[in-house]
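Remarks on the structure that follows.
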């Protein structure tokens, strides 16, 4: 079956068009059948992975062909029990907060917005939730006629016309809505929405193309094309807005045109997607990605390595040409900054213009909150009222809003001051800057704690560009209902709400497009952000395979859907990263009070969990050890051992190790391991560190991994009496048994000082050897000895190999355990230990020899 699948895969790679698609589907089906018929779990996993790769490839082919969607869908449906597919992920993303947001397929017919005789106005049955403060001011959901009291206006026609105006003089504000980022986004993007780009024409329907403005819907129905959960989606709202029983506003208002309706409708559509008017807040980068579909980038202005010159160079020309929308976000703000500068903590601001002149680099910043403290020039360094607040000669018109530039909501601020007092800059870039785009939708079941420190269960993708140049990789996490529930539990601040939703990041490696096990050596390492999107900007080499890895920290839900969008100047080869090995074996273990032995300098090192690793033919081998706590430093040693428990760590027996103790996880890579049986020792740096771990052995041939029983497991333990060795001494103790017995001896030590019995650390110059001997004098025969007859440091546990005790031989010549010590005379060495045996052992008393 595998050969047939490989043949179909090969034909798919060589063919083009419909033939390639049919072969890709065939290969996916054959790999699925191979997985179902596989005898081993490893092969089944490998075939399922190949099946998913062929499904993804078929999806890409489908996107370039017409009339083939049904064929691909059939193949995908048959495999959906294995892993969610692109189609099922997008379909799942259509359901949110009890509403349906179908994938956008075509613009609505104009007839949807007409009101035929006898028809009622369209009413959306969505229940928009309100915050407690909003509910106190809420009166009713009302239509524009009643909201703006059109029947009482002298010039009703002019008022109706004003509802859908587009103007350079808008001044959008929020009042008691909680969505400062949304209003900041609409303010910053106003020119992009209504200017030469006229992005609004592709978003809001109905739209009057001839006059370049939205059109009033006679039916009260409006359709928005918003971008979220992997694609453009259809969002339907009616024209009712929340009216207030007080003078406070519950929706976005234009101070220059109080009748302006379309921004409030766009806000309503967005809040329908995010869960209601009590939505606890987002950031402007995410908002604009949803509202206009422009690529979000988040800059951390307080980072030490921030390059302000580079940022200014990037944004100045792009803003002038209408290819970037800029917003700002504050972090926590001191009382002084709030009082003197008028800044608000954890709040988003719009950037409406940029300027470079003899006054330096400046940004025109707008606070969208109508009741905010006044933004004044006080506290902004190097500026005065005459120069900082002076309007531009070009850009925003000052004819109709001369006072607006000097109002409390707008202020020209030096770029350097922005970098000092704001925490974030959000840049949303026009996707039209890139001629090529690919979207890849994937599902991620977050790994258990045992695997979080490694990357083995993280989504990983291989990317190859046929030409050198720039690639932007945007990772977008899909909205789900459960996240809104979590965010609403933390209403004390927007930051608290978003951070409860966890963090995610992108890392990029030059790893031949293969999967990685651990981090390190990244060519790009992105920040962990609490946003739903994060962007990696890469400069790539021609033909160089890169591995893109998705990572997370404290995401609270067990599973998520994502979309990875790649923007480039030439088509890319994107696929799931491949495994470098074909066979995998995993073991789950624990460091307990008995087995947390610490590093090799600890006397208890060989109490650490050990595993027997056997392979029948040579293979590269990679051993990954992961702890369930990221603050535990771990290490792996591979020792020659013939499957028996290791009792000594000698250089000549050490085959490989993971190097320095590493936080959370460690990996030992062996270029080629000869056939045989080895011992793998899994240790923490400090003895007594408790926890669970996973060990993953990867190879290209089958391997067998089994736990090695701990010393004494299933054996009798006979305690050896204490003995004190003051210096160069030899002591022996008789041993006897009733029948043939296998046994081994373990010794461990502490030090007792001569005067007063005070405990002290052992002297580094004191060494010990333990032997098991038959007979005495000329007849003496050594049957077991520790350390290959070498004296050893008594701070480590000293072992003898396993030996046989024969009753008949004891009767003829006797059997003794012999202890010899050499070195320091400053303190007595206290020795005790155990005999581990299959049968009962009788011992006598120590005697000096």
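The chain as shown is numbered from 1 upward.
Glycine is treated like the rest: Cβ placed from N, Cα and C.
The feature active site is assigned by TrEMBL to 180 (among others). Every protein chain shown contributes to the tally, and the Cβ of residue 180 (active site) ends up with 24 other Cβ atoms within 10 Å.
Annotation comment: TrEMBL describes 347 (among others) as active site. In three-state terms derived from DSSP, residue 347 (active site) belongs to neither a helical nor a strand segment and is classed as coil.
If you look up TrEMBL, you'll see 367 (among others) marked as active site. Under DSSP, residue 367 (active site) is assigned to coil, being neither helix nor strand in the three-state scheme. Around residue 367 (active site), a 10 Å sphere centred on its CB holds 27 further CB atoms from the protein chains shown.
On the 0 to 100 pLDDT scale, the domain 'Calpain catalytic' (112-431) averages 87 in this prediction. Taken from TrEMBL, the feature domain 'Calpain catalytic' applies to 112-431.
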Distance [Cα-Cα, Å, rounded] between residue 180 (active site) and residue 367 (active site): 9
Spatial neighbours, same chain, of residue 347 (active site) - Cβ under 8 Å, 6+ residues apart: 180, 329, 330, 367, 369
